[in-house]
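Taken from Swiss-Prot as is:
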TOPO_DOM  1-22  topological domain 'Cytoplasmic'
TRANSMEM  23-43  transmembrane segment
TRANSMEM  47-67  transmembrane segment
TOPO_DOM  68-99  topological domain 'Cytoplasmic'
TRANSMEM  100-120  transmembrane segment
TOPO_DOM  121-140  topological domain 'Periplasmic'
TRANSMEM  141-161  transmembrane segment
TRANSMEM  164-184  transmembrane segment
TOPO_DOM  185-201  topological domain 'Periplasmic'
TRANSMEM  202-222  transmembrane segment
TOPO_DOM  223-249  topological domain 'Cytoplasmic'
TRANSMEM  250-270  transmembrane segment
TOPO_DOM  271-297  topological domain 'Periplasmic'
TRANSMEM  298-318  transmembrane segment
TOPO_DOM  319-347  topological domain 'Cytoplasmic'
TRANSMEM  348-368  transmembrane segment
TRANSMEM  370-390  transmembrane segment
TOPO_DOM  391-406  topological domain 'Cytoplasmic'
TRANSMEM  407-427  transmembrane segment
Amino acid sequence: METTQTSTIASKDSRSAWRKTDTMWMLGLYGTAIGAGVLFLPINAGVGGMIPLIIMAILAFPMTFFAHRGLTRFVLSGKNPGEDITEVVEEHFGIGAGKLITLLYFFAIYPILLVYSVAITNTVESFMSHQLGMTPPPRAILSLILIVGMMTIVRFGEQMIVKAMSILVFPFVGVLMLLALYLIPQWNGAALETLSLDTASATGNGLWMTLWLAIPVMVFSFNHSPIISSFAVAKREEYGDMAEQKCSKILAFAHIMMVLTVMFFVFSCVLSLTPADLAAAKEQNISILSYLANHFNAPVIAWMAPIIAIIAITKSFLGHYLGAREGFNGMVIKSLRGKGKSIEINKLNRITALFMLVTTWIVATLNPSILGMIETLGGPIIAMILFLMPMYAIQKVPAMRKYSGHISNVFVVVMGLIAISAIFYSLFS
C-alpha cells in the first residue's frame, strides 16, 4: 500500500515538474501569436496617445491569459482524450452546431494562412530587389519555393512544427529586444505630451473612442487561438488529469513573455518618435521599422525589417496551419460521418496538406486585393470563438460548470463584446 502511494506521489511530482516539451509549447504559443503584425503595433497602438497605450498595456495580460485559458479548458472538457476543438463543439452543442462552428473556425483561420503566403512572397521579393540588389524570380516560382519550404516542415508532423516555431522565436525575440534597446538613446518627451484624459493625440477621437477601437488591435496582436486546440490535446495526452493546471502554467509564462517583450518594443518605438511621426507612419501604411529606418537614416534597420518579418511570418504561418488543418479535417470527417464513412487520419492530413499547398500558392501568385477584406471578416468569428464560446459553455455544459462564478469570466465576456463591437464599427464606418 505504502509503495503504491509513494509511486503515485512520485508520478504526480514528475508530472508537475517543468519539462522540455512545456518550454517548446510555450515558445510555440508565442510564435503563433507574435507575427509580422507586431511591426505595425507601435503605430496602431501608439497613434492614439500615451493614456490609451498605458491602459492597453495593463489590460494585455489578463485579456490574453483569461481568454486563451478559457478556450484551452473548453478543449480539455471533451469526454475522450485526443478530441480536438471540432469534436468537442459537436459533443457539447450537438451535430448541427458542431458542423457550423467547425466551418466558421476554418473560415476564420484559413484566410490568415492565405494572407501570410502573400506576405512572405511580397517581403522576400522586396528584400531581394531592394536590399540584395537582385532580380527576384517570377512571382509564381518564388511563392512556390517559399510555400514548399514551409510545407516541408509540416510534412514532419505536429511535433516538428512546434519545434521549428520554438527555434524561430529566439532570433525574433533577440532582434526585437536589441532594436528596443537601440532606440533608448532616441527617447524624447514628445509622446508624453499626449498624457491627457480628454484628447487622444493624432486620431482626432476622444480617449474612450480611441481605447474602444484599439482593443481589437491588442486582441489580434496576442491572439494564438489557432494553436490552442493542438496544444490542449497534446498536453492532455502527456499529463492526463493534470493537463488543465499544466496548460494554465504554460499559458501564463507564454503570455508574460509576450506582453513584456512586445510592450517594451512598442513603448520604445513610441517614445523615440513624436505623435506626428506616428500619424505619418500610419498614413504611409508602412511598418514601424521601415519608418524608423527612414526617420533616423539607419540602413541597418532597413536591413533588419524584412528579416524580422520573414521569421515572424514563417512561425505564424506554421501555428495557423495547425488550426486551419484542424478545421479542414473536422469538416471532412463530419461530412463523411454523416454518410456513414470514415478516413484514415494520415491520409486526410496528406490531402489537407496538398489542398493548403495548392491554394496558398495560387493566392500568393495572384495576390488578390479582396484578401484583406476576407481576413477582416474572420475577426469577429475568432473573437466569438475565443472570448464568448468558452464562457457560454461554462454556463451550459456540465463538464465546464466547475469554472463558473469567477470575476475573470465576466471580464472575458466584456472584453469580447467590446472587441466584436469595435471590429464591426471599423468595418462599416
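FYI, residue positions are counted from 1 along the chain as it appears here.
Keep in mind that glycine also has a Cβ here, set from the backbone N, Cα and C atoms.
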Item to check | Residues from the same chain, set at least six apart from the ends of the transmembrane segment (298-318), whose C-beta lies under 8 A from its own | outcome: 31-32, 34-36, 38-39, 113, 116-117, 119-120, 123-124, 126-127, 131, 150, 153-154, 161, 164-165, 168-169, 171-172, 175-176, 179, 287, 289-290, 292
Next on the checklist: Counting only residues 6 or more past its boundaries, what in the same chain has a CB within less than 8 Å of a CB in the transmembrane segment (100-120)?
Outcome noted: 35-36, 85-86, 89-90, 93, 143, 146-147, 150, 226, 309-310, 313-314, 316-317, 320-321, 323-324, 326-328, 330-331, 334, 356, 359-361, 363-364, 367, 371-372, 374-375, 378-379, 381-382, 385, 389
Checklist entry - Using DSSP, how many residues in the topological domain 'Cytoplasmic' (391-406) fall into helix, strand and coil? => result 12 helix, 0 strand, 4 coil
Checklist entry - Counting Cβ pairs under 8 Å to the transmembrane segment (250-270), which of 23-43, 164-184, 348-368 comes out on top? => result 23-43
Item to check | the transmembrane segment (141-161) vs the transmembrane segment (348-368): 3 or more CB pairs under 8 Å | outcome: yes
Checklist entry - Where else in the chain does the topological domain 'Cytoplasmic' (223-249) make close Cβ contacts, counting only residues six or more beyond its ends and a cut-off under 8 Å? => result 12, 15-16, 19, 21-22, 25, 28-30, 32-33, 68-69, 71-73, 75-76, 81-86, 109, 112, 158, 319-320, 322-324, 326, 382, 385-386
Item to check | DSSP helix/strand/coil residue counts for the topological domain 'Cytoplasmic' (319-347) | outcome: 23 helix, 0 strand, 6 coil
Checklist entry - What are the DSSP helix, strand and coil residue counts for the topological domain 'Periplasmic' (271-297)? => result 20 helix, 0 strand, 7 coil
Item to check | Averaged pLDDT score, the topological domain 'Periplasmic' (271-297) | outcome: 85
